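Trainee: These came from TrEMBL, pasted as-is:
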| type | residues | note |
| --- | --- | --- |
| DOMAIN | 1-38 | domain 'Urease alpha-subunit N-terminal' |
| DOMAIN | 48-434 | domain 'Amidohydrolase-related' |
| MOD_RES | Lys148 | N6-carboxylysine |
Amino acid sequence: MDLVITNGTIVTASSISRADIGIKDGKVVQIGGEFDPAARTLDAAGRYLLPGGVDVHTHVDSVSFDTQSADTFETATRAAACGGTTTIIDFCQQEHGGTLAEAVADWDSKSVGKAAIDYGYHIIIVDAPDAVIEELATLPDKGITSFKLFMAYRGMNMIDDVTLLKALDVAKRTGALVMVHAENGDAADYLRDKFVAEGKVEPIYHALSRPPRVEAEATARAIALAEIVGAPIYIVHLTCDEALQELMRAKARGVTALAETCTQYLYLTKEDLARPDFEGAKYVFTPPARSVADQELLWKALADGWLETVSSDHCSWLFKGHKDKGRDDFRKIPNGAPGIEERLMMVYQGVNEGRLSLTQFVDLVATRPSKVFGLFPQKGTIAVGSDADIVLWDPEETFTITQGAMHNAMDYSSYEGRTVKGVPKTVLLRGKVVVEDGRYVGAPGDGSFLKRRKFGA
Ligand code: URP
Ligand code: ZN
Ligand code: ZN
Ligand code: ZN
């Protein structure tokens, strides 16, 4: 035995139990019972032992809005580890006119030897001539079993319905899951340009130009296209009642339509975009933050099982230097906000507030995303045979979130000044302690690429 964790309370998606955990060669090899002598013992008295968090929506080291993100794999994944996340699935983005092999090679050059935690890729396709569609079909065998397409951002990432249909067809044939950014890009652009023509250029108009129906229309259309082809579909960052209604209706008629929400939609509202002194720009992401009523519905949908997970959609655009570009025109503000480190702590407040049970929390931040994206039971649970990705969580400790305490390369936190109760203290990645009592003690390259299984396999 390399390591035994004693005195902790193990929490999985289905049970809460007091037992010791034995770890060897990076795997959990024993739960409970008598243990052989171990090289090291960790006392977890007063701690929950949670499976490491799985964040299936991150944009690490990427370029968008002509801007290079502040975070690299080294900084973003170090921050993730400190927040109790031990696996991410990052978006590997095709260049316009580029091949998918080039995109994967590009992402490998950013991630290999740099990541603090394990990681997989989804592929983003922005152009899909026949050769790219053919290439897409080869990715699932390489462990890249999800494809993402954007229904918004014309001139940048937006694809048309035919491309989405082709991708859905390939996904169905090859065992992949298509993920969509569901917003009607033309409607958003139309409203946006109209505001700017009227001199309405402040960040709040980002939210006002992307009302809930912009999202709901594309959600319904994406689901309908998936249904027409007979493929499963996953809606990223679902934010509002209108889109949720479309998802529920699709599920009710038997479509395999899955969706996530993100931390920011549970805590931020569109009023945050109206903060003075251009501070609203920090909260410019798409779809925009909504209302308190939508937040309530999202929490309920999480508790009732309608949504698969809460991901971070981590983007690292600096307030000073990146978001600034849109001071005179909100259309130039890079879209996105950070949250890879804060995610578990923020979602856990739902447990403190009685919105989620402890097991539901684990299910939503670790187990279900692992299942949907082909990583379970290697990731997302604590069981004999699983990777020993374990978080020693202190449910009693309080912590006030400030950017200064975060481990990424950002200059602001989306949750600055909020006090949380319940924090990750010690984090193991495949049995190696990478965070010890809140201090990062891992190294770049601790994390490895994960080849994921096909959808439903
Ligand atoms: O505003 C956001 N969410 N930016 C990141 C790209 C995306 O749409 O997921
Ligand atoms: Zn192009
Ligand atoms: Zn998106
Ligand atoms: Zn995103």
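Keep in mind that glycine also has a Cβ here, set from the backbone N, Cα and C atoms.
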Trainee: Under a criterion of Cβ-Cβ distance under 8 Å and sequence separation of at least 6, what residues of the same chain contact Lys148 (N6-carboxylysine)?
Mentor: Phe91, His122, Ile123, Ile124, Ile125, Val178, Met179, Val180, His181, Val236
Trainee: Grab the same-chain neighbours of the domain 'Urease alpha-subunit N-terminal' (1-38) for me: Cβ-Cβ under 8 Å, and only residues 6 or more beyond its ends, written as numbers and ranges.
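Mentor: Answer is 44-45, 47-51, 358-360, 362-363, 366-368, 380-388, 390, 392, 428, 430-432.
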Trainee: Pop the mean pLDDT for the domain 'Urease alpha-subunit N-terminal' (1-38) in here, whole number is fine.
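Mentor: Mean pLDDT, the domain 'Urease alpha-subunit N-terminal' (1-38): 97.
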Trainee: With helix taken as DSSP H, G or I, strand as E or B and everything else coil, how many residues of the domain 'Urease alpha-subunit N-terminal' (1-38) land in each class?
Mentor: 0 helix, 19 strand, 19 coil
